[in-house]
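Encoded as structure tokens, the structure appears first; notes follow it.
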Amino acid sequence: MSNLEESLRSLSLDFLNLLINGQAFSDVTFSVEGRLVHAHRCILAARSLFFRKFFCGTDSPQPVTGIDPTQHGSVPASPTRGSTAPAGIIPVNSVGYEVFLLLLQFLYSGQVSIVPQKHEPRPNCGERGCWHTHCSAAVDLALDTLAASRYFGVEQLALLTQKQLASMVEKASIEDVMKVLIASRKQDMHQLWTTCSHLVAKSGLPPEILAKHLPIDVVTKIEELRLKSSIARRSLMPHNHHHDLSVAQDLEDQKIRRMRRALDSSDVELVKLMVMGEGLNLDESLALHYAVESCSREVVKALLELGAADVNYPAGPAGKTPLHIAAEMVSPDMVAVLLDHHADPNVRTVGGITPLDILRTLTSDFLFKGAVPGLTHIEPNKLRLCLELVQSAAMVISREEGNNSNNQNNDNNTGIYPHMNEEHNSGSSGGSNNNLDSRLVYLNLGAGTGQMGPGRDQGDDHNSQREGMSRHHHHHQDPSTMYHHHHQHHF
């Protein structure tokens, strides 16, 4: 790193520390979602034309005067009815606390990370341990940041966010792509519009489905793109055959979407017909994983009884099986039906995590941390039952393997060694000790449920601002800690 780069980096961090430290030398305070954010007029005015005009237009903010970025003027908005902000504090409306801090972080330092904290529980992302690189939570945060940067006139941040969205939509769900498509149309972001419209055109969704999510003129343009693409493919057909792969992939995607709609409506018979008549591969289409996450126990049971799905099939880069997902959901019904159909409680993900590891970690979180954010939806009794089911299944498998090993040894050694009685076998194998340990865990979990208050008390606004900044300032985490540290960062 050159001396110039080092100097600029140091300058950026120095300014960012002013924001992180909150009240140090602060001369303006904002109220966002009931939380105070301390800042510095000179920095905001120097970095944003909006704030420059805002501060020039009001020498001393009145209690009911606020900033509303949905008002397109660059002066203080009209008084906010019902505002309860104390004198000297400027209420900010229509922008969330997290997005406002990201905006200020960029204004102070020129740098920002517009993604949620890795593995952080988010209300619009149901996957435990998600890295939030292209899920709905990541897309929504980027869209909110883009809107705020446009409203406050921070064009550099808007360009940075557009680039990030362009990379996100390549892997995002089609629903999220359509959200970005609508936003790019409203804000005249032509490159992002082009990227998203082509992705939607290739999705294979029929016009009647698109019309439920998109304006009719947008649907018309999508259909025009499809027509042009179809003509282009036909013109290349004598010379190219790679389009066959694309067509086959489109057909496979459509097949998977039909399968999921059938599962959503509990129509397992239709799925059976697709397997028999259309060659649908339930494993590659992750049918069982989807059913465990989104459907009822009866649907999962019926799907397993078709005999066409591998109950231990690993999915995605992490290699999670349906039992891993059921353990993360803390669903005794799903755990039980999967174990009934020979799901392996000892199967490991790519990171070496078993379903039992997941449940033990969740139990530990309850015992030692209390009801922390991300675990509040989990019922302790269900967690205890899931742990008991998976642990019992693991012990049964262990005993069967031990018996098979003993039988093999007995066949190989005809009477040379005396047989050990069952009591001695079970004691020496550690089975009773494991059972005792598991009972202690159950007792502790049950006893702890009465004390599961908040994980920590609310700090003051100064500490809250420091924590809010830290969530997006420290973003590196060891993937091996996916299950043991995913509840560290919360407000």
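Numbers run from 1 along the shown chain.
Just so it is clear, glycine is given a Cβ too, placed from its N, Cα and C backbone atoms.
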Where Swiss-Prot places zinc finger among the ranges 77-91, 122-136, 242-256: 122-136
Three-state composition of the repeat 'ANK 1' (254-283), taking helix and strand from DSSP: 22 helix, 0 strand, 8 coil
Structural state census, the repeat 'ANK 2' (284-313) (DSSP three-state): 17 helix, 0 strand, 13 coil
